[in-house]
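The annotation ATP binding site is assigned in Swiss-Prot to 29-32, LYS50, 86-90, GLY414, 478-480, ASP494 on the grounds of sequence analysis.
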Amino acid sequence: MAKELRFGDDARLQMLAGVNALADAVQVTMGPRGRNVVLEKSYGAPTVTKDGVSVAKEIEFEHRFMNMGAQMVKEVASKTSDTAGDGTTTATVLARSILVEGHKAVAAGMNPMDLKRGIDKAVLAVTKKLQAMSKPCKDSKAIAQVGTISANSDEAIGAIIAEAMEKVGKEGVITVEDGNGLENELSVVEGMQFDRGYISPYFINNQQNMSCELEHPFILLVDKKVSSIREMLSVLEGVAKSGRPLLIIAEDVEGEALATLVVNNMRGIVKVCAVKAPGFGDRRKAMLQDIAILTKGQVISEEIGKSLEGATLEDLGSAKRIVVTKENTTVIDGEGKATEINARIAQIRAQMEETTSDYDREKLQERVAKLAGGVAVIKVGAATEVEMKEKKARVEDALHATRAAVEEGIVAGGGVALIRAQKALDSLKGDNDDQNMGINILRRAIESPMRQIVTNAGYEASVVVNKVAEHKDNYGFNAATGEYGDMVEMGILDPTKVTRMALQNAASVASLMLTTECMVADLPKKEEGVGAGDMGGMGGMGGMGGMM
């Protein structure tokens, strides 16, 4: 296919036009007084959002070279969202600022490669300064404040996330679902829960809740289908003598085995319940092993030379209590050793770092949470579906931000941390004048997030930035109230990881764009006009009219 080429300044100007258009749309959402953006959908109601990455993802231009610039900055927002979960608007504003300042320098004849090296040196220095300024985020109050800021100053969201983290721990899984009412709700599932219920309703022993509840049961874990009762006789006899109930977790229990278990349960000979093992394939084997470690049991598997006929009570796990409903099984207070459980968690964490699949990482994180004890569900309440979507997106953003804060700590919010990190550039020198210019480009660019927050709030950006720069530490400007003061005391905090990733991703893409000298795109297809012969046919129609 034929290509169109653009070179030098012409190429960079086209790219810059796309970046500016995308950044203009994204930056209106920034800060406590940022506005919403309405996105058209191909079906259903439009989406209302204040999330930078959601806006960026929707934008595409017809002009190919403009679009290439916009797509590269979109990558900045997406990468920041994927790694830090928030800070997408900050990243976009920073990328645009670096590119605008850098383009002026390139147009003035400076070497783009040296500018890039200067920018990279400056980013490294600012990143180290941010990490030195970072304070650990340990208490619920700080977690709530981070959540509140990320959820667009919604204190209810910050509070519910802090409460959820307090209940399930920093490593616990917190999921966000659609609620039924107008208020946000938090429910916590203690112990390990997996999404498999009883195989037969005849196992129910609590008619009121339609559940099967077992107190201090044995747990038999089998990684194959059980269809013959003969295989299980020795285990069943041992359990019956002990007088304790039994939970069977197997790939499936069917036929004669299921019928015998149901009859024994109904007659009260052995109080028993059977459920299918969670997951599929290798994940099922791994989850069975998780349950075994949690309950101090053994998985009966022919792969490791254990047969069901030879199983004894020593191979069975134990727990304080088990509740089985139609859809879920919850193991509460398994009797596994803490050291073994922690070793298993460490092993799964190592797998999380190695995996490249987001889906696998999410599933591994769920397994960690189930072993660590607890899953919290935040149900988001809203009056309409449009509001529900918008609110749910804010809750998810806030959740990512609080996780990032717990991971790497917090710095003063509202763009103050970046202004303070400018100090790291005072003594930084490049190898030549062009590199020094690159350092100065970043010095100016890191003021842009605060400038945009202040502008969106209706104040004069230069006045505020200069006043904040004159002071030290956490002194900054609260754009929500129009007051100056200590940002940390006012509860305006940003996760260090979010600020760091936004800066690194923005500088990475913007400096690459500065070093662009040629752009290649497909030529637009020429639409073939309606053939002349067809028009002639139309003329013939006129002739027919004359015949009438």
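Placement of Cβ uses the backbone N, Cα and C atoms for every residue, glycine included.
Bear in mind that the values here come from a model prediction, so they are computed numbers and not experimental data.
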Count of other CB atoms lying within 10 Å of the CB belonging to GLY87 (ATP binding site): 32
Most Cβ neighbours inside 10 Å, all chains, among the binding-site residues THR29, THR89: THR89
GLY414 (ATP binding site): tally of other CB atoms within 10 A of its CB: 27
Sequence-distant neighbours of ALA479 (ATP binding site) in its chain (C-beta under 8 A, six or more apart): GLY31, PRO32, ARG33, GLY414, ILE453, VAL454, ASN456, ALA457, TYR459
Three-class DSSP secondary structure - THR89 (ATP binding site): helix
Residues near ASP494 (ATP binding site) in space but at least six apart in sequence (CB under 8 A): GLY87, VAL146, ILE149, ILE410, VAL411, ALA412, GLY413, GLY414, ALA417
